[in-house]
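Enquirer: I'd like to ask some things about the structure below.
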Amino acid sequence: MTKFVFITGGVVSSIGKGIVAASLGRLLKSRGYSVSILKLDPYINVDPGTMSPFQHGEVFVTEDGAETDLDLGHYERFTDTSMSRLNSVTQGSIYQAVINKERRGDYQGGTVQVIPHITNEIKERIHRVAKNANPDVVITEIGGTVGDIESQPFLEAIRQFRKDVRRNNALYIHVTLVPWIASAGEMKTKPTQHSVKELRSIGIQPDILVCRCDRKLSEGLKEKMSEFCDVPVESVITSQDAQSIYEVPLMLETEGLAVQALELLKMEQRQPNLSHWKTLVNRLYHRDKQDIRTSQGKLSITATVEIAIVGKYIQLSDAYLSVVEALRHAAIAVGVDLNLHLVNAEDVETKGARTYLEKANGIIVPGGFGVRGIDGKIATVEYARINKIPFLGLCLGMQCAVIEWARNIAKLDAAHSFEFDPQTPNPVINLLPEQQDVVDLGGTMRLGLYPCRLQGDTLAFKTYQQEVIYERHRHRYEFNNAYRNLFKETGYIISGTSPDGRLVEIIELPAHPFFIATQFHPEFQSRPSTPHPLFHNFFQAANSQEKCDNLSVNNTEETPDNLVSKSSIPN
């Protein structure tokens, strides 16, 4: 029978519930157990597809085309398991389903209420994940914080769930904050005590406490929380701040999280195999140019590669989370250090690409929507093309590459995307035919996994080493085939198309060290242990460029309008 783990959060939001869920999934999988992870989000949106990246961060797309919370990306990367639309549930989708049932008469005239109709629908969604994949364990993360009004139906549903499946088949983990108060010179457990008290007031007694803190908990503090929160001391787990999220599974393994979970669920204790994950973390942390011994021999870290991501949502780095993680995976595999620069596309418009990109070894233009910053992205493509800097365009990044070529090489007057200029005389990017009559924005794009046929003897084919690939998409606009012959005549290579040849999926330039752009999102399929080949080869090309000093930034102050943020791996 499938076992169920529920992860709640207290004290503050963004405390790391998703990483705890993903880490526990990795620890269980390392013991040979199959795992599926579900996210319950309390917002009323049906899905995050129409939400602003500034508020919500990245929209992660599953193979079956669901637009989901970015935590599903963590789940997939940590467990190396593909999730589906069943693994992402919002309160909006729950209410939508219940209201649709009421309109059909499914409730036979009964009064529809939060209890039992909403809570029953929530429980059914959890059971649906178990029935679909039949995993050994379903881990469910409840979004938000205990005490939020929005979370109450979810908390009531999981309270009932233990009674439904019997006690030994359900486990409650509460992730909470134990802050260090500098003025007092000590850590304070009172916020955790109050958070657990709030949870217990609605009928949920946590079995395990995962305590987020910036230093290790003393045994005395663990005993204190054990006493006040009615949790065995061995089930009080330290989750200390880490340089990289990929270290967290190893930290939680040392603290005994998986052992406690298996014991409480009455499951067999098995020896974990985390050797590959430990090797990955070792590669990540050895930044002192020393040799690392691996199963393949000796790996030397000898360089730092400067990568610039030119985007329009850089104020919130989570807006490009999967792109950043894919770059980290590539850096680990190539064996070099990554220095990452997030550049505001609007700044490129006003100050020029050279100001921000002169010392970049590689440039990425990621996806996005809307006209804001588009000229900065197009200027970035031109700079990368002319200066022979390795370039990777993703979704909108490919469309910008097409527009740049149309204007500067094909000499098409005022060439643009129909999305940004419906009056353009040369719409080199046009609306997909099936999108012509679409009115609703949510869930109506070309979404999910689609096949792509590669042309032989191209950079794309050399990268993938296979004729047909499958990649995840999220777009409404596409290359306009009316211009396909002109682009080929002027030197463009269309190296990937849909199997019927109708849709352009990959473009590249031959006389360039590495210039390739895709209509799809390869970042969604990159894994720590198996980096995506496009990111891997892009990073190798960037590594082969002449190494330069750190990226120059001429800004005198950091504001939301001119921000250039930097982060280095590990992060």
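Numbers here mean position along the shown chain, with the first residue as 1.
The backbone N, Cα and C atoms fix where each Cβ goes, and this holds for glycine too.
Swiss-Prot feature annotations, pasted as is:
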ACT_SITE  His521  active site
ACT_SITE  Glu523  active site
BINDING   Ser13, Lys188, Thr189, Lys190, Pro191, Thr192, Gln193, Lys224  UTP binding site
BINDING   Ser14, Ile15, Gly16, Lys17, Gly18, Ile19, Asp71  ATP binding site
REGION    1-267  region 'Amidoligase domain'
REGION    552-571  region 'Disordered'
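Are these features on the surface or tucked inside, and what are their neighbours?
Expert: Of all the Cβ atoms in the protein chains shown, 22 others lie within 10 Å of the Cβ of His521 (active site).
According to DSSP, Glu523 (active site) is assigned to a helical segment.
All chains included, 16 other C-beta atoms sit within 10 angstroms of the C-beta of Gln193 (UTP binding site).
In this view, Gly16 (ATP binding site) is surrounded by 19 other Cβ atoms within 10 Å of its Cβ, with every protein chain counted. Secondary structure at Gly16 (ATP binding site), taken from DSSP and collapsed to helix, strand or coil, is coil.
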Enquirer: Secondary structure at Lys190 (UTP binding site) (DSSP, helix/strand/coil)?
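Expert: It is helical.
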Enquirer: Per-residue pLDDT averaged over the region 'Amidoligase domain' (1-267) comes to what?
Expert: 95
Enquirer: If you count other CB atoms within 10 A of each CB, which of Ile15, Ile19 wins among these binding-site residues?
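Expert: Of the binding-site residues Ile15, Ile19, the most buried by Cβ count within 10 Å is Ile19.
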Enquirer: Could you tell me the C-alpha distance between Thr189 (UTP binding site) and Ile15 (ATP binding site) in angstrom, no decimals?
Expert: 15
Enquirer: Are there any residues at least 6 positions away along the chain from Lys188 (UTP binding site) with a Cβ closer than 8 Å to its Cβ? List them or say none.
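Expert: Lys188 (UTP binding site) has long-range Cβ partners Val178, Pro179, Trp180, Ile181.
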